[in-house]
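Remarks on the structure that follows.
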Amino acid sequence: METTFTGNQSIITEFVLLGFSELPDQYFLFFIFSTIVYLSTILGNMLIIVAVVSSPGLHTPMYFFLANLSFLEILYTSTVVPKMLASFLRKEAISLAGCLLQFFIFGSLVTTECFLLAIMAYDRYLAICYPLHYSLLMGSKHCVGLVVTAWLSGFAVGSPIVTLMAQLKFCDSNHINHFYCDFKPVVGLACSDSRVLQATTFILSVICLTIPFSLILTSYARILVAVLKVPTGARRRKAFSTCSSHLAVVSTFYGTLIVMYIAPSAVHSKLLSKVFALLYTVVTPIFNPVIYTLRNKEVHQVLKKLYLRQLSE
């Protein structure tokens with residue numbers, strides 16, 4: 001353990017990630033499961049990006065947002081999962097600066113995803129409810145502006161939180177009972193006053209989670225009303241299937257985040273807290289490419305053409 005000394009008090013400058021220390025006999029299963037899911041997430045999202053970039057037919061707002069979502073998923077799972085996999089094999093140490101950096105990048109990317117999912121729901125709402133005005137409302141400049149705003153907003157929200165965290169002093173235990181540097185386990189180790197930090201984090205969490213989630217629910221509710229007006233048939237069944245699948249993924253993602261950051265007292269077990277975190281760090285990212293894109297026939301055709309082209313070269 002690395003420490004510096006200030007007077008009679010030692011200040012911790014390095015942490016140890018305990019991971020799933022409550023289940024030592026299950027480490028190997030966790031390692032295999034997480035490795036397979038992580039590699040599948042990277043591969044699935046890379047295929048989506050390649051398909052969208054290489055095919056002019058997929059140069060539409062919906063696929064532009066999906067490509068950004070896939071790129072984001074690759075970044076934020078890669079911020080956490082490799083360190084988590086290493087913790088299954090040995091006690092994984094991380095410096096205070098490295099811990100804050102991991103939290104900042106991961107938290108900013110998660111916030112960006114909250115905004116991006118809301119933009120995607122709004123895009124589907126415009127496409128289904130205002131098809132005649134869709135191309136005007138979702139022009140290329142508008143799409144780029146929305147995505148840039150989502151990315152900048154995500155990192156802007158993370159900045160004040162990590163700045164306040166950097167002012168904390170850690171002088172007792174250096175063991176983080178988690179598989180990455182999450183807010184609650186890290187702040188719980190601080191021996192200085194963290195009330196301003198916790199209040200700031202709570203307020204920003206409420207704003208960044210409830211507002212986008214409300215926009216998503218409102219968009220899909222209006223989509224549902226519009227779909228119900230369509231005569232029964234394949235188009236109506238497809239719309240219902242798509243909306244229900246999207247809502248399942250979105251509800252899992254937002255639900256776990258709301259429990260973790262807005263109502264953390266609802267999770268009484270540290271193990272349960274890690275399971276919730278596992279949902280939005282490992283499980284949800286593998287669902288996104290499957291639900292949003294890989295079920296799509298247009299993407300299937302593009303990937304098939306790319307595969308056949310590679311075989312012919």
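Even glycines carry a Cβ here, placed using N, Cα and C.
Automatic prediction, not curation, is the source of TrEMBL annotations.
For 44-292, the entry in TrEMBL reads domain 'G-protein coupled receptors family 1 profile'.
Within the same chain, residues 20, 66-67, 70-71, 73-74, 77-78, 81-82, 84-85, 88-89, 282-283, 285-286, 288-290, 293-294, 299, 303, 306 sit at least 6 positions outside the transmembrane segment (27-50) and bring their C-beta atoms closer than 8 Å to a C-beta of that stretch. The transmembrane segment annotation in TrEMBL covers 27-50 (among others).
Taken from TrEMBL, the feature transmembrane segment applies to 62-81 (among others).
According to TrEMBL, the transmembrane segment annotation covers 93-122 (among others).
What TrEMBL lists as transmembrane segment is 143-166 (among others). With a cut-off of 8 Å between Cβ atoms, the residues of this chain six or more beyond the transmembrane segment (143-166) that come close are 61, 64-65, 68, 100, 103-105, 107-116, 119, 183, 186-187, 196-197, 200-201, 204, 208.
The transmembrane segment annotation in TrEMBL covers 202-227 (among others).
Here TrEMBL flags 239-263 (among others) as transmembrane segment.
Look at TrEMBL and you will find 275-294 (among others) tagged as transmembrane segment.
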Beyond the flanks of the transmembrane segment (93-122) by 6 or more, those residues with Cβ under 8 Å of it: 2, 12-17, 62, 65-66, 68-69, 72-73, 75-76, 79-80, 83, 146-147, 149-151, 153-155, 157-159, 161-162, 165-166, 170, 176, 180-183, 186, 208-209, 211-213, 215-216, 219-220, 246, 250, 253-254, 257, 280
